[in-house]
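Positions annotated as domain 'Major facilitator superfamily (MFS) profile' by TrEMBL: 1-566. Taken from TrEMBL, the feature domain 'Kazal-like' applies to 389-443. Here TrEMBL flags 1-18 as signal peptide. Residues or ranges marked as transmembrane segment by TrEMBL: 41-62, 69-90, 138-163, 175-203, 223-247, 279-298, 318-339, 351-371.
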Amino acid sequence: QFFVFCHGLLQLSQLLVSGYLKSSISTIERRYGLSSQTSGLLASFNEVGNTLLIVFISYCGSRVHRPRLIGCGAILVSLAGFLMALPHFITGPYEYDQSVASTFSNTTDLCQPGAPGAWANLSDASCTPHASRENHEVLLVMFMAQALLGIGGVPIQPFGISYIDDFASERNSPLYLGILFSVTVIGPGVAFMLGSAMLRFYVDIDKVGAAEVQLTPKDPRWVGAWWLGFLVAASLVALSALPYFFFPREMPKEVGELLRTRTPLSFPVVLLRNLRHPVYLLVVLAQVNISAMVAGLATFMGKFLERQFSLTASLANMIIGAVNIPGAMVGIVVGGAIMKRFQMSLRQCSAMCVLGMLLCLLLAFPLLFLGCPTQKVAGVTHWDSSGFAHHNMECNQQCRCPEKAFNPICGSNGVEYTSPCAAGCRNVSSGTNSSVLSYTSCSCIPAQGSATPGTCSSGCSRLFLPFVVLSCLAGILASTSHTPSFMLILRSIQPEDKSFAVGIQFMLLRVLAWMPGPVLYGSAIDTTCILWERRCDRRAACRYYDNSLFRQRYLGLQFFFEVGAF
C-alpha cells in the first residue's frame, strides 16, 4: 500500500512537469517568440524519447530491479523539469515596448515628430548576434529537457503497474490500479491549476522590483512567471523519487499464491497476430483519432480561449483545469459505471462507444459558430477610407514609427492600433507606479481622440459561457467511450498477449497521435496568423490571428478527428 501511495505521488508530480508546459505554452511563445508549430513540436517532443525505449523496457520487465529503475527515471524527470526552467536564468530580462520611461529604457513609443533618433534603441536594436544565439540556446535547452522528460518517464508507468500487479492480491490489484489511473487523469487538471496560479506573477519577479513592472496580466504584452511552476513540479518529482531506492526487488505477495509466469513468444509473431485482429485494429484506430484530438486540445485550448474570448492566460488555465478536465473524468467514471451496472457484452460496449461519439459530434458542431470576428486593428484588419497601410497613413507620417513597435491601444473610435505611435498619440497620462491610464491628442483617431492601453475586447464575453458548457458536455460524452473501448481490446485478444497488446496500443497512440497531434494543430493555427512579430529577421510569435479562421481550423480539426473516431 505504501508503494501504491508513493507511485500515485510520483505519477502526479511527473504529470505536473509534462502538463505544466501545456498550460504555459502561450506564455513561452510570447516570451521567446515561437510559432505555434514550434511550440507544438516542443510539447510533443517528450514522446520521442519515450517511444524509442518503451517497447524495449516493457519487454525486459521482470529481469531488473524495478523500484530502483523507477527511482532513476524519476531523477531524470526531475532534472528535465529544472532544465525547462533554465532558459529564464540564462537570458536577460523580458523587454517590451513602453510609453513611460523606466529604469530599463529611456525610450518611449509615443509619437515624437521629426525625431528619428528617439526610436533608435527600441526593438530594432536588440538584434545583436548575441540575441539570435540566445534564442537558439533557449530552444536547444528546452528540446533537450523534453527528450529527457520522455526518457525518464519510460520505466515509471509500466514497471510500477507490473510491480503492483505481481505482488498485490488478485482482489486488490484492480483497486490499486484504479487509484493510479485516476491520478493520471487528475494530474493534468492540477497542472493547469498550477499554471493558473504561477502566470499571475510577472515573469521577472526575481530580476526587477514590483514597483518597476508597468504591465498587468490583462496587457497583451504580459508574460507570467512560466518558469516557477517547473521549479515547483521538479522539486516534487525529486522528493517522490527518494523512497524508490529503498523498496525491495521483490515483495511477499499479499495472499499466498504462485507467481504467474509468462512464456515469451517471439516479438514479430505476436505483433502480427494482434494487428491482424479486426476488433483490436479498429478500436486502436478509433483511440488514435480521439488521442490526436485530445493532444491538440490540451496543448492549445488555453491559447484558443485567450484569443477568442480575450481572457488572461491565468483564467484560461483555470477554466481548463477546473471545468474541462474534471468533465472528462466524470465521463470516464460514468462510462465504467454503466458498463458494470448492465454487465455489457462486447457488442453493447461497441454500441455505447458509437453512441457516445455521435452525441459528442452533435454537441461539438455548434462550437464552430460560437465566437466573434477579429477586432478592428488599424493597418492589419482595418484600413481607413484612403486605404493606406498604417506605416504610411498620413496621420502618423511625421511620427516615423518603427514597424516593430507593439504596445496595443484601443482608440475611442473602437479601432485598435499596434502602438501609441501608430495612432499618432503625443501625450500620455500615467497614474501611480508609472502605469499608463490613457493616451491623448492622437492624430489618427477622429477629433484628436484619446485611447486606452490594451487591446479592444472582441465583444465575445456573452458567448463564453455557452462555449464552456457545450465543450465540457462534449468532452464528457466523448470520454464515456474510454473504458468500454479498453474492454473491447482486453477481451477480444488472447489472454497471454494482453500486456503486449496494451504496450503496442500505447506505442501506436504515441506515434500516430501524441507526437504529430500538437504539431498538426500548431501548424493549422499558424496559417491563421495575420501579423507576425519579427525578431532578427526571423518570424517570431504571432501578434494577431484571424479569429474566425482560427476558430474554424482549430475546432474543425477537432471535429474531423471526432468524425474519424465515430
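Glycine is treated like the rest: Cβ placed from N, Cα and C.
Worth saying up front: this structure is predicted, and the values here are computed from it rather than measured.
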Exercise for the section: Determine which residues of the chain contact the transmembrane segment (175-203) at the Cβ level, with the cut-off under 8 Å and only residues 6 or more beyond its ends counted. Expected result: 4, 7-8, 11-12, 14-16, 18-20, 22-24, 27, 31, 88, 94, 160-161, 164-165, 168, 210, 213, 215, 217, 222-229, 232-233, 298, 302, 312-315, 317-318, 320-322, 325-326, 328-329, 332
Practice task
Decide whether the stretches the transmembrane segment (69-90) and the transmembrane segment (223-247) have at least 3 CB pairs under 8 angstroms, with pairs required to be 6 or more apart in sequence.
Solution key: yes
Completion exercise
Long-range CB partners for the transmembrane segment (138-163) (under 8 A, at least six residues beyond its ends), listed in sequence order, are 3, 7, 10-11, 14, 17-18, 21, 28, 32, 34, 38, 42-43, 45-51, 53-54, 57-58, 61-62, 66-67, 69-70, 72-81, 83-84, 86-87, 90-91, 177, 180, 499, 503
Exercise for the section: Count the residues of the domain 'Kazal-like' (389-443) that DSSP assigns to helix (H, G, I), to strand (E, B) and to coil, and report the three numbers in that order. Expected result: 12 helix, 18 strand, 25 coil
